Each structure stands twice: as C-alpha cells, then as structure tokens.
C-alpha cells in the first residue's frame, strides 16, 4: 500500500526532493552489452538475424516477417461488431483532434525585398513500435498511426512482436488498416528497432521510430539514435505516472480509481495525490485498499503503490507548486476552482480537468494523444502531435535592393566576427554592375 501521509509543510528541502523522487531506471552495463550484440547481429545478418532472434526470444520459428493483406482482411471478419465499433470510435475521436494540428507555411517580408518562409514537411518514413504483452494495444496503434497518416508520411511501417502462433492480434491489424498502414511486420524487441534503423532485406530503414517498449527496446532506441546518421527517436521513455490535485469536495472513490489505473501499468509506476484536505486523503487511502482487491493486476498495483505518495499541502496553491516541480506525465485536477489552478500549471504531459475526466479517457478515446513525456521530461518535451511526424525548414529569397538594405548590418557583424568570406559573399554581389 501507499506509505503514510506526508505533510509537505514539515519537510526539509532534502526531504521534499526525496518525496518527489521517481523510481530508479535500471542502468545496466550488461543490458547495454546485450542490446549492442543484438543490434550488431541485425546490422550484419539482416533477416537471418531477425528470424533467429525471434525464435530465441519469442519462441516462434517464422517463415516470413510480413503480414499480408489477406491476414488484415481476415482480422476484420474475426472481431465482434462491438470491438470493431470501439476501434472505429477511438480512431474518429483521435483523428478529429489531431486534424486541427495541421501546420501551415508562414511567410514574412522582414524588410522590403527580403522574404522569409517557414515550411513544414512530413518526415518521409516512420516506424511504429507496438508492444505485445498480456493483451493487444490497438490504442497505441491509433495514437501513433493517426498522426503519421494526417501528416502525410510517405511510408509508415508497423512492427509488433508475434504471439505464440506467430500472428499479430486482430485488433492491431484492424487499427493499422484504419490508419492506412500497409507495411506490417511480425518482429519485436531490440531487433525490431535495429531493423527499422539499419534496414534488412525485407524491412527498409526509416527516418524516425515511435512507440513504447521494455528496457531492451528503450536501450536499442537510445543506442541507435546515437549511432545511425539521420535516425531519430520520439522521446525518452520512463515508467508511467499520474499526479492528482484534489480538494475536500472531490470524490475519493474517483481519485482512488484514477490512482490505481496508473499503478496497474507496472511495478515501477508512480502515483501521487496532493490535497489540502487530510480528511479526503484518509478517505482515498481507504478507497484504494477496497478497490485494489477488485483488480486482476492487484499484485502489480500493490507493488507500485509502495513508491507512491499521499501528500498534504498547506493549500491548493502549494499543491500547484509541487506539481510544477514534479512535472507529471498525467495530471488530474479535481477541485471546485479548477480553471484558476489550470492557469498556473505549467509542467505536465496531459491534464485532465473535472470529476468526469478520468485519465483512461485520454488513453483511449477523448482525442488527445496518450504518448506523453515521463520522468520529469514534461518540463521540456511536449505530448506527441503532428509536429513530431514533420520537420520544419526555412526558405529565404532576397532581391538586390533587399540585400543592399541589409549590407551595412551584415558587413559590420562579419567584420566583428572576422569572417571575411562571409562579408565578401555580400559585397561581391553589390559590386557587380555598380
């Protein structure tokens, strides 16, 4: 269970840092070496290594890596109407919100004869990594696939570990089809990321890879982003987390449910409650104990709760300060004066306002993206959006008159920096025909 209540007012600066400390991410030299070995095998042996590693780690001997269009068609027939409707509804919701993010080119004439343009273009090829654990994750397919589709990436490749029969879940294939993804491969783990970075006989390399994964996948993404020229990753990955700010009028059952919904993700997940009401905190603690027994993943949630926090603050203003310092992945506000708090909150991956806005809605169907910065990265990294699937570059066009108007400035600054060739690139143009 969660450790006893923490009174923020009574903590020293060092104790406050400890109270907000996140679970340590294992940094193993052995892991690094193991992943480096996998990457080397894929780089040098291509498909042969992929098939061998899949048999080694997934226990399945595959004859092919590609998923056929016939398999996708069969998946549509295999799912119930109810399951299909849910996937389509989530797709529609996510597409609706993300469609509004489409960027337009910006052109400014900074001075007469000097035109500057900011252009946005889709990344040409992207890879989407979809984990496969105890259940399929079609929501992750949609959260990654919809932005890629709307941005207009020329190639979108999906990789996912095969099940014990060498297949991908029907939900994965249906969600991928909705997003217009036709390149689908049954490969997972570090070897999948290596295939996307280096390319193999079957899987062409991509420019950028997206998606969560275990520590082998995370390590592979990190190593490859540093080794392969032009290969990028989405964002640093860490354990899932949620922070709730609540006042005395909040519903303790709702709060407990929200905290447990994150705790069940993994034993390294962290959940935090900040409140100015000791009575509410006590009620939430009781609710957690009661609801925990109802969960199929209660053992996992129970482990996560050991590194979680129930914090009593002087007032809600102090709760906001603590939240901004922590910078949670998910931030839930359940207070009567939520708009006032919202205006002061700066660091969060995604914010959920009001009693009827569970974090689960954002995970699946509200329309926002559930790929969010964790481990405090919300202070510097944004939630996933169309911007992550595109890149921007500038274009400038200058007339002779425009260059003449800038010449004095450029000549003086190049003189200050001692860059004669830069200066001459300007003067030679103005001397011509003068």
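Placement of Cβ uses the backbone N, Cα and C atoms for every residue, glycine included.
Taken from Swiss-Prot, the feature NAD(+) binding site covers 129, 191, 214. In the three-state DSSP scheme, residue 129 (NAD(+) binding site) is classed as strand. Counting Cβ atoms from all protein chains shown, residue 129 (NAD(+) binding site) has 27 others lying within 10 Å of its own Cβ.
In the three-state DSSP scheme, residue 265 (substrate binding site) is classed as coil. Taken from Swiss-Prot, the feature substrate binding site covers 240, 262, 265, 330, 363, 417, 422.
Non-local neighbourhood of residue 422 (substrate binding site): 410, 414, each in the same chain, at least six residues away, with C-beta under 8 Å from its C-beta. Annotation source Swiss-Prot lists Zn(2+) binding site at 262, 265, 363, 422.
As annotated by Swiss-Prot, active site, proton acceptor applies to 329 (among others), with the evidence given as sequence analysis. Taken residue by residue with DSSP, residue 329 (active site, proton acceptor) is part of neither helix nor strand, so it is coil. Same-chain residues at least 6 positions away in sequence with a Cβ under 8 Å from that of residue 329 (active site, proton acceptor) are, in sequence order, 240, 241, 242, 348, 349, 350, 372, 373, 374, 378.
The number of other CB atoms found within 10 A of the CB of residue 330 (substrate binding site), across every protein chain shown, is 25. Swiss-Prot lists 330 (among others) with the feature active site, proton acceptor, giving sequence analysis as the kind of evidence.
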*What same-chain residues, at least 6 away in sequence, bring their CB to under 8 Å of the CB of residue 214 (NAD(+) binding site)?*
131, 189
*Least buried by Cβ count (within 10 Å) of the binding-site residues 191, 240, 262*: 240
_Taking 10 A as the limit, how many CB atoms besides its own sit near the CB of residue 363 (substrate binding site)?_
21
